[in-house]
2 protein chains.
Amino acid sequence: MAKIADLYYKADPFQIIEEGFDPNYAKVSESIFSLGNEYMGVRGYFEEGYSSDSLVGSYFNGIYERAEVSSQNYKGIIDYTEFMVNSVDYFYTKVSLDGEQLDLAKVKINQFRRYLDLKTGVLKRSFIWELQNGKQIEIMFERFLSMSDACMAGQRIRFLPLNFDGKLNVSLGLDFTRPHYMTGKNYFTCVEGSAEEDSAAEKNSLTEEISKAEENSMVEENSQAEEKSLALEDSAKDDSLFLIGTTKNTGQKIASMCKIDVPNSATGNIEKEENKIAIAYQIELKKQRETVITKVICNLVCKKKDESEYKKFNVRCEEKWNNRANFHYDQLLAESIMWWKEKWKESDIVIEGDELNQQGIRYCIFQMHQTYHGTEAGTNIGAKGLTGEAYSGNAFWDTETYCLPFYIFNNLKAAKNLLMFRYETLEEAKLRAKELDCKGAFYPIATISGRECCSLWQHSSLQLQASTGVAYGIWSYVKLTNDVEFLHQYGIPMLIEISRMLVTRGDYNADGTKYGYYGVMGPDEFQMMVNHNCYTNVLGKLTLKFTYDVMKQLKEEGLSEQEIVNRYQVSSEEIEDFKKKADDMWIPYHADTLLFEQHQGYFDLPHVDVDAIPIEEFPLYHHWTYDRIYRNDMIKQPDVLMMMLLFNSNFTIDQLKANYEFYEPRCIHESSLSPSVHSILASQLKKHKEAYQFFGFATRMDLDNYNRNTDEGLHTTSIAAAWMNIVYGFGGMRADGELLSFTPSIPETWTSYSFRIGYRGNVILVEVSKKEATFQVLEGSDVLVKIYENEYTLDQSKLKLEIPC
Amino acid sequence: MAKIADLYYKADPFQIIEEGFDPNYAKVSESIFSLGNEYMGVRGYFEEGYSSDSLVGSYFNGIYERAEVSSQNYKGIIDYTEFMVNSVDYFYTKVSLDGEQLDLAKVKINQFRRYLDLKTGVLKRSFIWELQNGKQIEIMFERFLSMSDACMAGQRIRFLPLNFDGKLNVSLGLDFTRPHYMTGKNYFTCVEGSAEEDSAAEKNSLTEEISKAEENSMVEENSQAEEKSLALEDSAKDDSLFLIGTTKNTGQKIASMCKIDVPNSATGNIEKEENKIAIAYQIELKKQRETVITKVICNLVCKKKDESEYKKFNVRCEEKWNNRANFHYDQLLAESIMWWKEKWKESDIVIEGDELNQQGIRYCIFQMHQTYHGTEAGTNIGAKGLTGEAYSGNAFWDTETYCLPFYIFNNLKAAKNLLMFRYETLEEAKLRAKELDCKGAFYPIATISGRECCSLWQHSSLQLQASTGVAYGIWSYVKLTNDVEFLHQYGIPMLIEISRMLVTRGDYNADGTKYGYYGVMGPDEFQMMVNHNCYTNVLGKLTLKFTYDVMKQLKEEGLSEQEIVNRYQVSSEEIEDFKKKADDMWIPYHADTLLFEQHQGYFDLPHVDVDAIPIEEFPLYHHWTYDRIYRNDMIKQPDVLMMMLLFNSNFTIDQLKANYEFYEPRCIHESSLSPSVHSILASQLKKHKEAYQFFGFATRMDLDNYNRNTDEGLHTTSIAAAWMNIVYGFGGMRADGELLSFTPSIPETWTSYSFRIGYRGNVILVEVSKKEATFQVLEGSDVLVKIYENEYTLDQSKLKLEIPC
């Protein structure tokens, strides 16, 4: 089924531009113009309100709510789930002029232009509002989330009356009243939920100030608070607001505070509603004179329902609140732009001769950095990042298999933090293993807090790839960074627990000749309850072997058995058992055809000609009865091929070719991650045309709304795959072998492209033109790599190699 | 895991006796002393109220409510389910004396005795109530449901004051206030729900009377109604009550009316509450003189939410109401007892030398007749009959495979009605097939109204045995009755639609050499999403072949192709396709070992030693994680062996032996139907000891509460299997071959046993003693049968044959 681009935004190498507003794209644009800084994310909604279809979404990484799942009362099936909850609209704004309310669903506007600058992370929107009385005013909204100080955000509004003097009404505030879109419910309590309730005895004057402020819905105005009408000074004045929302079931807190700078001529009134606070200003406008309002926002969160955490949170709130005089829009923005400048220096990909893909890949890189960059431990990457509510903000095994490579080569701190998330949730994974009658740790297939959130047992109980994915992540990270300290302190405890699970979840077949996993669902979610899924068995084998090798290495380094027991609570019998199960693991491989069988019996399944399925039957989940999807050889996404990408150097090119040619025609690519994997392997097989076809929408999946569901949020993990598609695909980089290696090729339509990767403290630039590939260390020292089967030591000089035909 | 008898009731050949009341058995006894007449069922609860744990359950066959199922939003998964709803307590009674309330959880009683007479279907309960003031009164409750006029029931209460004269307070009434036990909700509206609402224009004086009576909560007293206090005549008087309840979501109606006969000295007051109406009597008691109260109840139902059905229902209500003067307890009882007398003549099984099994098998036969006997079309047999709420009153494929044989040999009308239920719900099954992307008819795995009620897709979408079970039922019924008219009018339309489903649900394997069913769950519910389940393929093959043969026969009888098309809307191409798929059906059979493989790949599954599973891990569903149950060769119930029982003559004794010896050790018998199947086949294999061991609890599963869940209701379909266990097991009867055949044996501990079967209009008596088996036609003409490999013509003389060693 062909996916068709829906070109709406203007092409530009470093900006995403919407010229003229089409209401049909309102929600898609809200997703596209999402801002994020890992800590929080906000959709690109019209902050002044939009009475037509809109998802006013504002999310914090790790702030979630719970929903009961109607349990089927079987052991191992979860009874409640968690979802990232829609929270405070800190850009809340209302604008009215002469009794007319600014609402782009209703008023007349022209010269609408919205643009996101990928270089700086600033989103701007401008238009001319033509009132019914003929007045015209140009308005520009600007916003950013700080990358350098993640709790901070800025909003700036400029008003330019073109043909009149007059009074404008503007309200700015903090709004916790928005419902969670997926459930229609609001999950916040703003008055009673303050953290100090149970610690009154220990309050000092500052916490008292906060709690008093909370009780008064947190209004402070220039330290000279007046409830009803503000006495305004001659100089430009600033007003401040402060509201704390507490999630109803999880007891997490968001403190949202802001300082508003308004012109000295403005008069303001406080507006209070339940869960909302704002100041309504009246501002004098002068014809052809620009009036600017800025709002600097600080959002602090407390993720744990815990007295001592609440206290610490209060202290942090106090500090920020007391320091609000130092909230400066321009300074904050300048620091954030500096952050972006550094990142682009390390991560940019330049494509010449393909403006759309140039824009697309930069948008992907921008989103990857926005979504995650290692700000703090304890968070992960939701399937939609922080841009929407689909997939409930849950992180999947995509993190380790699709996202981690990007971070390993672009932001090591972020890469490590992603793995630390798994370490910090190891106890949850151990509980989950117990629920599933296993020893060790069984990592959740979907999670926010570490707890399994997938209510479909056929996924949450049968998919082992979250657990083996963590092991793969540790293996990749350690291999590429030599971070032995991480391995010893965090990696080994995880590897041991995962291995324990692997040797208890597996079974031997009837005659004891084959060890492997029964009743599983591999990466391909169209084959359920299968035995000896090749991917699962191979990943299981390599995980067990890796754990064994690591432990053996420790011994070789002189650690005694007893020291190992003391440090890791694992006996040598157990370690030997890991090896035995790894050795006994059965891999369904057919030497005659070079084919790996996706699972035992897969080759005998009924064949479906996927090209013959009518286009109107897609997506199949909506048009085919649930069980029918599972009864044939059609696959949803790469499974054997995924394995061959992850451990690429383990397979010969002939094996890859045979399996690619067998499985690709059976794949319907219903996962957005599927085409990139196929594109990368097609490049390796020199099927360049096919590689470029699969690449097709990788970089522009959301910009061109290929799946027609960008309105729900961005396909964040696909965005990671788009990066891999260029670096691993056309660049031919492989990181799983002895040496980092490259086999660059270039798509026919491109003039040249280049990418940069960070590797062991060095930044390597790879430039590929029609004829030659150039390698250069931009920062750092010599690096030994393999290029087209030969080894080279890269340094700061340019190594030029001809591209073979 | 050993199942252990919990002997509580006294052994007796024709009665179930409880002597002395043990509150721990309160709910078990409520199930054991359930009465039913197919139309309605009522648990043996204490009608006077019991303030300790109790399930006051009163059910009507086909009266159900709906509950939403939290849908997983995949095609083919149901979004609401239906359950048989707890309804009116028409035995509602309250008794008090000198301010003390009769409540067996609180008062002092002795000489408690409760007994159910299986010969007559009368349940009696008597005890002496000793009041705190020293007064003693003997009370006897008696009840029955009429077998001859199924809407009727009777209640009689006798009071015998042993040592005092005094005034007794007794209320009797109709109570729709009881909650459905499983949900805790009440589903009836009694005031607004009357059927005549929308047909006021057409009401005649009688319907007006009804509607007026409804508005007044349906109170009529001796045609001289007085609201508060009744004027009482000298002669014995009768009072009447009438209440109509309507189910809230399904709009079904139950009209409950009763006539109460009280002694002429009684005075009565009407008591009204929402959904309840009663008359509170004060009765003069004389020492050592018995006072009797009788209540004759008539319950009418309207099963369809439909204006014209409501009208017809009103008319029926009027007729009954107007005729209530003719409600006579003794006459009704006498007619019902006559019905039972006839039934026992046809169906009795006599066992000498084993009092417990004698009682047990008669209890089973009694319950089979109570549960179903063909009163009216459109009903089926719930897994718990009408005795409790577990399994939601849903009927399963047990109907055709376990219950139908009993009815075919004991009550042909009932047998035909069961099949007619499937015919009447054919349209629902066609809709279900469509939901599941099949053509034809896909019968529900669990149903009340014909609609699929199982919310677990892994059962409702994967189990084809409901559909093939219907075909098996038609095949058996037609084979044994020669009811060609049924076959032509009802059987063929079902067979064609089932066959259509079978040729669209199936698939060919990759190389096109094997046709069969992928992604199924066979009878053994511990193997899910398997391919080529042997039972499913064999039943599919035989169903297709049977359909083909029947259609071929029609042609041979002279019906032209066009006539077939006109009559059955089926083309000869389609019929040929049935044959082709039947021919191509792959049966996983291993000629070397004579083993049928339960499904493709089953023999290679990890082996579990079921005897090594600790007893505390049972039932496994509660102690093993859900998916773990499915990952090995352990089976829950017979699958291949079930097939070998249903089509017994298709297999050699060597095949049977090989498969029995392979599969039995892998079976944990977690289904209550499992032991009987194994017992029957063990008899056939002359493994007499094993046969008797498996027979063990078949007849007394509920009487001795083997599964410790009889409190939830009786294992009605197991009861059917108990009958098969004797007739098919020890009697060795087989009905699937060319001739009806017998190979009687006798358990070591028995002196003799005999059973009767109805066969083609004849009643055959089979008597088996230690040495010989005697065959005799009691009613009817000569019957050709096969006994121990030889053919005999049975007639009214006794044929005696020695039992071979």
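Glycine is no exception: its Cβ is also placed from the backbone N, Cα and C atoms.
Because TrEMBL annotations are produced automatically, they should be read as predictions rather than curated entries.
Keep in mind it's a predicted model, so treat the numbers as computed, not measured.
Some features that TrEMBL has for this protein:
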- B:GLU525: active site, proton donor (ACT_SITE)
- B:TRP397, B:ASP398, B:LYS636, B:GLN637: substrate binding site (BINDING)
- B:196-223: coiled coil (COILED)
- B:17-298: domain 'Glycoside hydrolase family 65 N-terminal' (DOMAIN)
- B:362-724: domain 'Glycoside hydrolase family 65 central catalytic' (DOMAIN)
- B:733-794: domain 'Glycoside hydrolase family 65 C-terminal' (DOMAIN)
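Positions of TrEMBL features highlighted on the structure.
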residue: B:TRP397; record: substrate binding site; contacts (Cβ under 8 Å, 6+ apart): B:TYR443, B:ILE445, B:GLN463, B:GLN465, B:ALA466, B:GLY469
residue: B:ASP398; record: substrate binding site; contacts (Cβ under 8 Å, 6+ apart): B:ILE381, B:ALA383, B:LEU673, B:THR717, B:ALA720
residue: B:GLU525; record: active site, proton donor; contacts (Cβ under 8 Å, 6+ apart): B:HIS459, B:LYS636, B:GLN637, B:SER671
List nothing but the largest Cα to Cα distance in Å, as a whole number, among the residues B:TRP397, B:ASP398, B:LYS636, B:GLN637 that the record says bind substrate.
16
How many neighbouring Cβ atoms, not counting its own, are there within 10 Å of the Cβ of B:LYS636 (substrate binding site)?
19
The coiled coil (B:196-223): mean pLDDT?
41
DSSP puts the residues of the domain 'Glycoside hydrolase family 65 C-terminal' (B:733-794) at 0 helix, 37 strand, 25 coil
Take the Cβ of B:GLN637 (substrate binding site) and count every other Cβ within 10 Å, whichever protein chain it belongs to.
22
Please list, in sequence order, every residue of the chain apart from B:TRP397, B:ASP398, B:LYS636, B:GLN637 whose Cβ lies within 8 Å of the Cβ centroid of the substrate site.
B:PHE396, B:PRO523, B:ASP524, B:GLU525, B:MET642, B:SER671, B:LEU673, B:SER674
What does DSSP call B:ASP398 (substrate binding site) in the simple three-state scheme?
helix
